[in-house]
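Going by TrEMBL, these are the annotated features:
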- 1-91: domain 'Cytochrome oxidase subunit II transmembrane region profile' (DOMAIN)
- 27-51: transmembrane segment (TRANSMEM)
- 63-85: transmembrane segment (TRANSMEM)
- 92-225: domain 'Cytochrome oxidase subunit II copper A binding' (DOMAIN)
Amino acid sequence: MAHPTQLGFQDAASPVMEELLHFHDHALMIVFLISTLVLYIIIAMVSTKLTNKYILDSQEIEIVWTILPAVILVLIALPSLRILYLMDEINDPHLTIKAMGHQWYWSYEYTDYEDLGFDSYMIPTQDLTPGQFRLLETDHRMVVPMESPVRILVSAEDVLHSWAVPSLGVKMDAVPGRLNQTAFIASRPGVFYGQCSEICGANHSFMPIVVEAVPLEHFESWSSLMLEDA
């Protein structure tokens with residue numbers, strides 16, 4: 001989870017997020033090299049008193065500064081497109097969960113089970129227990145099995161919302177009347193926090209998302225208990 005003064009992304013908890021982190025580092029290094037080169041050229045041009053008359057009208061240098069940016073754009077575009085298709089691919093999900101956005105809470109429905117669903121409200125500050133995070137904890141977490149493909153169907157009942165969990169590399173808009181889908185694989189057990197990422201009204205910042213990834217046997221025990229309570 002994020003911490004104060006953090007400059008980078010959260011630690012990756014899914015294969016897609018790991019790819020996104022690698023692409024971020026790759027693109028940032030290219031931007032850093034370009035910025036360094038441009039800054040050096042600007043300083044050199046401003047500080048020198050000499051003029052090279054052959055550079056003022058040079059076909060070769062024009063060819064270089066046309067081809068080089070095109071090559072750099074290709075080096076950025078190819079891995080970007082690869083990750084884009086990886087994020088859009090949903091192959092044989094083991095579990096499907098419908099996340100419905102409301103003003104201002106989320107409701108979850110495990111569509112593979114007959115009567116497994118619940119609303120997820122933020123825990124008020126005065127009700128927090130030691131170790132819980134303010135504005136991020138919910139009374140019911142979305143529990144998923146780790147190392148299993150999970151498909152999320154996202155929609156809304158009233159206004160635009162957005163279901164986002166940064167450490168899992170997931171962000172999908174919840175649009176009233178439309179069913180969007182995304183998927184993720186939690187590569188390790190843990191509790192991953194997110195928030196609605198669309199300005200949906202006065203309490204926009206008070207509808208957090210908590211995903212808890214557990215081993216498969218623990219998930220089966222949890223689902224059995226939830227079905228018994230229902």
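Using N, Cα and C of the backbone, Cβ positions are placed for all residues, glycine too.
Keep in mind that TrEMBL annotations are predicted by a computer and have not been checked by a curator.
Tertiary proximity for the transmembrane segment (63-85) is limited to same-chain residues at least six positions away from its ends with a CB under 8 Å from its CB atoms, namely 16, 19-20, 22-23, 26-27, 30, 34. According to DSSP, the secondary structure content of the domain 'Cytochrome oxidase subunit II transmembrane region profile' (1-91) in residues is 63 helix, 0 strand, 28 coil.
Regional average pLDDT for the domain 'Cytochrome oxidase subunit II copper A binding' (92-225) in the model is 94.
The DSSP breakdown of the domain 'Cytochrome oxidase subunit II copper A binding' (92-225), given as helix, strand and coil counts, is 19 helix, 62 strand, 53 coil.
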